[in-house]
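Look at TrEMBL and you will find 57-69 tagged as compositional bias 'Pro residues'. The region 'Disordered' annotation in TrEMBL covers 1-82. Per TrEMBL, transmembrane segment is recorded for 137-161, 173-199, 206-222, 253-270, 290-312, 360-380, 400-420, 427-446, 452-479, 491-517, 532-553.
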Amino acid sequence: MCVGPSVRSRRPPRGADKTRRASPPLGRSQPEPKLPTSAGYLAAPTPRAATASLAGSPPPVPPLQPRRPLPGVGVGLDLAGQGAKMDGGGGGGGATTALGEPLLAKKGRAYRPRCPGCRVERLNAEREGVFPLKDLFLIWLVTITCTLPIQTLFPFLYFMIRDLHIAKQTQDIGFYAGFVGASYMFGRAISSTVWGIVADKHGRKPVIILTLVSIIILNTLFGLSLNYWMALTTRCLLGVMCGYLGPIKVSSSRGIGLIIGPAIGGYLAQPADKYPSIFSQTSIFGRFPYFLPCLCISILAVLALIACTWFLETLHKHNEDTVDNSVEAIEESLAGTDTEENGNGGCLQLFKNWPLMSAITLYCIFSLQDVAYAEVFSLWAVSDRSYGGLSFTTTDVGNVLAASGLFLFLYQMFVYPLLAKSVDHITLVRGVAILTIPLLACYPFFPSLSGFVLMLVVNFASFLKNTFSVTTITVFNILMNEAVTQDVRAAANGIAVTLMSISKAVAPAVAGIIFSWAQRRQTASFLPGDHLVFFMLNVFTVTGLVFTFRPFFVRGSAKH
């Protein structure tokens, strides 16, 4: 990099180096200081150079000073053949910078008026410093709408399977209910990676619109199911068309979904029985008792679809290379080819990253336990007390899940951030797993309670269990990000989502089979009835706890 002609004129003549070595030292020798050599600084003289000046050599270069723009001195910089030039008084693209500002612009991109991504970048630059309240609300609305079909199902699934007359005995209801719960996750597992590729190639907005349209159609058809196989098919297709996970994600949606979803499913299912003065038995809501909650979600999806017209697509519709004039990009181009080495091998290299894969393994184990618990809790709560259940109604289940969801949201907003700062991540997971074991072991004894005490204990236990679940899932997302560098984080997240969806697809089916089996062995001498169900949930908990220690788990330390 050329600094100016004045620097060249200060170079010592040939032979000055020998004069410098022959000069006697002045006083005690001093260690040579280590000076930064980053762009933007001039080299300072060493003590030997100071000695040479006393021996008659030309004066040395002045001490280390930040280089400021000099009038009339141009600095030319060409990155990867892009021809990006910067003048002494300006940054990338010829813009003038004030004294003391970095000479290198963060990024430069040719603006295309017809490109949606370019328009978004210009709009963000114009309203810099303004909180994007409208945009966040629209994203939140879409995320909640896509989350509700999962959370709404649990309060009435047991009664829906019963009314579809697929189970020959009461003990078989849990078996068939498990497959309905698993069908959605199975569909999502086989399509999540494809939707991510489509979103990267064609844009986020089309994927979100297709997801909302599928909710409007398929979720409505699920509420109008005439038989078990129609319910299973529509539920699976709803999971296949769920493409919102890649384009958008809001962390608080889980807590909000746990509040709104169970309330909709619990209060609006079987409306002709609960509100006979409003809904008659001969109306569509009497003939299809689980249509109303599905219809409400579809209406919300219509509103979210309309809101999508205000969405701004962020995908650039042109293929020219981005001109990156950042200091980091320059240093990487001069220092080596780390990025290229990370890219070689593609996603297959990520499977050799044991810190990443160990975190994903833990993520899948605890996700499987979490979804299995959600399935079991709803089936167990509404089953008859003669089978070890609580004989709850859909409204009771909705009340419990909504109340625990409200406290979970408050926990996410105010308690967890403080807890995460004071406790190490993996230590927090171990503590949560240890506390989960006695909590789940207490559930089979809840049917011995009744009245207000029962509701209080069930609500408190449900809140604790959901708190433990959201804590572990949040930690595993952090650990996965720590295990990889920024340039491969998207691919790592895709692997995690795919494997997690597979585990969540397996969990409801396995939980339903075990629940149905447990109801047939109420008089067994070892783990009778629902003791077996919650014991199996604890088996997954203990397995996850064991996998938090070496050699199964290795903490990632990737440089970002």
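Glycine residues also receive a Cβ, built from the backbone N, Cα and C atoms like all the rest.
In TrEMBL, annotation is done automatically, which means it is predicted and not curated.
Long-range contacts of the transmembrane segment (206-222) within the same chain: residues 142, 145-146, 149, 195, 198-199, 230-231, 234-235, 237-238, 241-244, 246-248, 291, 294-295, 297-298, 301-302, 304-305, 308, 311, each at least 6 residues beyond the stretch ends and with a Cβ under 8 Å from a Cβ of the stretch.
Taking residue pairs at least 6 apart in sequence, the transmembrane segment (491-517) and the transmembrane segment (452-479) share fewer than three C-beta contacts under 8 angstroms. Within the chain carrying the transmembrane segment (491-517), a Cβ under 8 angstroms from the stretch's Cβ atoms is held by residues 171-182, 185-186, 188-189, 192-193, 196, 245-246, 346-347, 350-351, 353, 356, 360, 363-365, 367-373, 375-376, 379-380, 480, 483-484, 530, 532-533, 536, all 6 or more beyond its ends. Tallying C-beta pairs under 8 angstroms between the transmembrane segment (360-380) and each of 253-270, 400-420, 532-553 places 532-553 first. With a threshold of 8 Å between CB atoms, the same-chain residues lying at least 6 positions outside the transmembrane segment (532-553) that come near it are 358-359, 361-362, 365-366, 368-369, 372-373, 376, 380, 426, 429-430, 433-434, 436-437, 440-441, 443-444, 472, 511, 514-515, 517-518, 521, 524. Cβ atoms under 8 Å from those of the transmembrane segment (253-270) belong to residues 140, 143-144, 147-148, 150-156, 159, 289-290, 292-293, 296-297, 394-402, 404-406, 408-409, 411-412, 466, 470 of the same chain, restricted to positions at least 6 beyond its ends.
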